[in-house]
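K.L.:
The following block contains the structure, expressed as structure tokens.
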Amino acid sequence: METSSSGITNGRTKVFHPEGGVDLQSYQLDMQILPDGPRSDVDFSEILNAIQEMAKDVNILFDELEAVNSPCKDDDSLLHPGNLTSTSDDASRLEAGGETVPEKNKLNGLYFRDGKCRIDYILVYRKSNPQMEKREVFERNIRAEGLQMEKESSLINSDIIFVKLHAPWEVLGRYAEQMNVRMPFRRKIYYLPRRYKFMSRIDKQISRFRRWLPKKPMRLDKETLPDLEENDCYTAPFSQQRIHHFIIHNKDTFFNNATRSRIVHHILQRIKYEEGKNKIGLNRLLTNGSYEAAFPLHEGSYRSKNSIRTHGAVNHRHLLYECWASWGVWYKYQPLDLVRRYFGEKIGLYFAWLGWYTGMLFPAAFIGLFVFLYGVITLDHCQVSKEVCQATDIIMCPVCDKYCPFMRLSDSCVYAKVTHLFDNGATVFFAVFMAVWATVFLEFWKRRRAVIAYDWDLIDWEEEEEEIRPQFEAKYSKKERMNPISGKPEPYQAFADKCSRLIVSASGIFFMICVVIAAVFGIVIYRVVTVSTFAAFKWALIRNNSQVATTGTAVCINFCIIMLLNVLYEKVALLLTNLEQPRTESEWENSFTLKMFLFQFVNLNSSTFYIAFFLGRFTGHPGAYLRLINRWRLEECHPSGCLIDLCMQMGIIMVLKQTWNNFMELGYPLIQNWWTRRKVRQEHGPERKISFPQWEKDYNLQPMNAYGLFDEYLEMILQFGFTTIFVAAFPLAPLLALLNNIIEIRLDAYKFVTQWRRPLASRAKDIGIWYGILEGIGILSVITNAFVIAITSDFIPRLVYAYKYGPCAGQGEAGQKCMVGYVNASLSVFRISDFENRSEPESDGSEFSGTPLKYCRYRDYRDPPHSLVPYGYTLQFWHVLAARLAFIIVFEHLVFCIKHLISYLIPDLPKDLRDRMRREKYLIQEMMYEAELERLQKERKERKKNGKAHHNEWP
């Protein structure tokens with residue numbers, strides 16, 4: 001018997017009919033009136049079904065009665081006591097009638113108290129909440145739609161009420177047809193193209209050879225995974241008229257749990273809770289606090305006492321935990337079909353994209369590691385590093401005012417060697433490779449997405465006409481116009497109002513970017529002030545490495561500022577997005593996503609851009625330094641170059657950001673769930689933990705964040721930017737990203753399976769606005785890498801020296817032997833007596849040679865002090881500048897041409913997939929025609945047998 005709500009009230013059971021909520025307790029039967037004899041002779045369920053059919057006839061009369069005399073739906077008379085072991089009178093009568101109620105279903109907390117009706121959705125509210133009338137109307141309309149309902153009070157807090165919803169087969173079929181839910185109707189026939197005998201022989205030889213090879217360790221065991229039938233069947237939109245076409249072994253399992261929950265949620269979004277045009281939908285009740293939570297249930301526990309290899313998986317959640325969320329399977333492929341079946345296509349697409357991105361990082365990480373190892377191998381043969389380490393007679397000018405001492409160039413030997421590890425002959429090749437890699441990654445993702453969309457029946461799926469946001473309706477309810485699609489009047493936002501709001505929002509975005517620039521300006525002032533402080537420090541270790549200490553502390557402080565500003569940016573982005581008043585949820589989500597990405601991208605990379613392109617570029621020269629607010633001398637690069645500062649900035653920020661994100665994603669929910677369990681144990685004792693039903697366990701888990709997958713995507717997109725934008729300065733970035741993503745996949749899986757409530761399964765065709773952002777980052781990476789190689793690194797100055805000024809000038813060679821004398825040629829001479837008073841160092845440099853120094857060296861291409869134009873730019877400076885500009889133009893055009901060529905050559909849809917789609921469409925039409933023809937022929941034969949044949953009959 002299917003019931004919408006049942007409870008123990010004065011020894012009688014209340015049964016509400018799904019259609020109209022009729023109280024059938026007046027039809028309560030006593031087992032004693034049944035005739036004598038074996039109880040198995042009487043099918044009690046048939047009697048109750050007959051009574052329900054009788055009740056349909058008087059349903060209209062009882063509707064009016066119920067509206068007047070029915071008790072409040074929040075009343076305790078409709079509630080079951082929070083005890084899983086007790087049974088209702090329905091269950092006892094069914095047992096007496098000969099039917100055995102599945103005790104296992106009643107105990108696992110996934111079914112109604114009768115053990116037959118599966119819980120498809122949970123609503124949670126508090127009795128103390130004042131929104132009682134809205135809930136009463138809403139729940140009455142829920143039953144009118146055909147959904148069955150039970151209520152249960154919480155074991156922890158009697159004020160918390162759980163509303164359990166179940167959708168019968170009739171309701172599921174009706175709404176599945178309205179929603180165009182695709183269901184399997186025929187097993188797939190795989191078409192194999194005709195092959196020549198020669199190719200067949202080759203395939204046989206290859207298959208024999210593969211038998212000797214070990215099995216692929218990354219593939220999951222096929223015996224462990226369930227047979228996902230919909231992936232091996234042709235699907236079609238569900239139709240009740242053609243129900244005989246579909247493969248229905250069991251009506252209770254025909255629609256999987258995720259689909260059932262999606263259908264119930266679809267119904268709840270269209271149920272009224274109050275009289276009025278816009279008083280409709282569950283989301284509004286969640287917003288105004290009528291309900292505290294709404295979620296589908298997890299399929300039981302994710303742990304089992306028995307091994308999955310010997311006893312199999314208890315449920316899909318347990319299977320996902322063992323085959324996907326467990327750390328022991330970190331090297332295996334993801335069971336994407338199972339993820340899609342349990343969490344829906346939108347979450348499945350996120351993990352498919354994350355897995356594809358991680359897989360594509362392998363070649364990038366390998367090439368980046370090769371570039372780094374190439375620098376290690378060629379370190380001893382690097383002429384520039386040798387000259388720096390042997391330059392004991394070259395004295396460098398102080399890098400700050402007064403407190404910084406003179407230093408030998410050989411003191412920066414270690415930094416010169418470290419710089420060579422990242423800035424070597426393979427760096428340019430790696431920058432070109434990563435630009436091409438980004439394009440290949442995006443193009444092949446489009447192909448991969450097309451295959452996934454085909455396998456998951458998303459090719460022909462179209463998003464439904466979205467509902468208007470309640471905030472938009474409330475703001476513009478007075479102005480209406482006809483919707484061109486639905487033909488119904490809807491609220492309308494005037495063009496002038498929309499433009500004014502967008503202008504204000506853009507102004508807010510500009511202001512927040514100015515805040516970021518101000519924060520970077522503060523970091524610059526810190527670096528300028530601190531380098532002098534560290535130069536006068538008591539500890540020799542810090543005093544001798546004042547620039548490195550300044551850079552390291554500045555990066556850490558910058559990271560703290562980044563994390564603090566991120567919290568502010570989220571609130572500002574939320575405020576500006578709500579100020580714009582987007583019409584639909586997708587418009588709101590896209591607007592919020594764009595703002596948050598822009599804020600966080602600028603926040604995360606602004607200091608990196610400063611170090612890459614501005615640090616040490618506008619400092620002037622000794623004797624004529626440029627100063628900040630005419631007070632602080634701008635910071636100079638290290639004698640070995642600015643690339644070491646950029647490497648430190650990227651390495652520290654990337655490691656700290658990924659560590660913090662992983663902690664917030666997993667550590668924070670773990671701590672919150674642990675604290676909840678601890679409070680429960682303190683209040684009710686540890687023995688009550690076992691008796692919790694599934695809905696209460698899920699309620700105590702953390703809800704999925706309000707922005708859905710936004711945080712997960714944002715983290716990976718920012719990482720993609722770090723991996724591509726400044727990769728020429730830090731070739732190990734792809735390797736760090738790969739290691740993080742291997743952990744990230746399992747962390748996210750563990751979080752979804754164990755720490756979060758089960759999210760509603762929703763559909764999507766792609767990753768949305770994030771793909772456009774990825775393309776923008778790919779274009780920006782080409783430009784930034786061109787500037788990093790040309791301006792930040794010493795690649796161009798070395799190339800100009802080798803071909804124009806070195807020992808091999810005019811010979812067309814550029815080997816290490818051609819770099820002899822490069823260090824001396826890249827340093828200019830300064831007369832110490834020309835120092836400004838506020839810049840003159842306290843030391844006279846007598847500690848180097850016993851006598852005061854007369855000259856020191858600095859990095860630049862300037863004339864000596866005794867020339868006609870002292871400290872003017874040399875001809876070599878202009879040659880280097882021209883070569884840098886030429887390299888930027890050639891590099892950008894070359895890489896962009898390669899990117900566009902690759903985009904043109906790689907089709908978005910694989911050819912074999914296109915052929916499969918065409919053939920499947922043809923076969924589906926043939927199968928539907930044959931099935932319909934077979935049905936008509938059967939009907940014709942039956943009519944002939946019954947003597948009701950007609951003459952004008954087809955076929």
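If you go along the chain as it appears here, the first residue is 1 and each next one adds 1.
Note that Cβ sites are derived from N, Cα and C of the backbone, with glycine treated the same way.
TrEMBL: automatically predicted annotations, no manual curation.
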K.L.:
Do you know which of 717-739, 878-900 TrEMBL annotates as transmembrane segment?
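P.N.:
From TrEMBL, the annotated transmembrane segment range turns out to be 717-739.
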K.L.:
Can you check which of 219-253, 464-498, 919-953 TrEMBL lists as coiled coil?
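P.N.:
Going through 219-253, 464-498, 919-953 one by one, TrEMBL gives coiled coil for 919-953.
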K.L.:
With the transmembrane segment (502-528) as the reference, find which of 350-377, 426-445, 548-569, 597-618 contributes the most Cβ pairs under 8 Å.
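P.N.:
Per the Cβ count, the answer is 597-618.
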K.L.:
Below 8 angstroms Cβ to Cβ, which residues of this chain, lying six or more residues outside the transmembrane segment (597-618), approach it?
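P.N.:
The answer is 509, 512-513, 516-517, 519-520, 523-524, 555, 558, 562, 565-566, 569, 572-573, 626, 634-637, 642, 645-646, 649-650, 653, 657, 714, 717-718, 721-722, 725-726, 729, 773, 784, 787-788, 791-792, 859.
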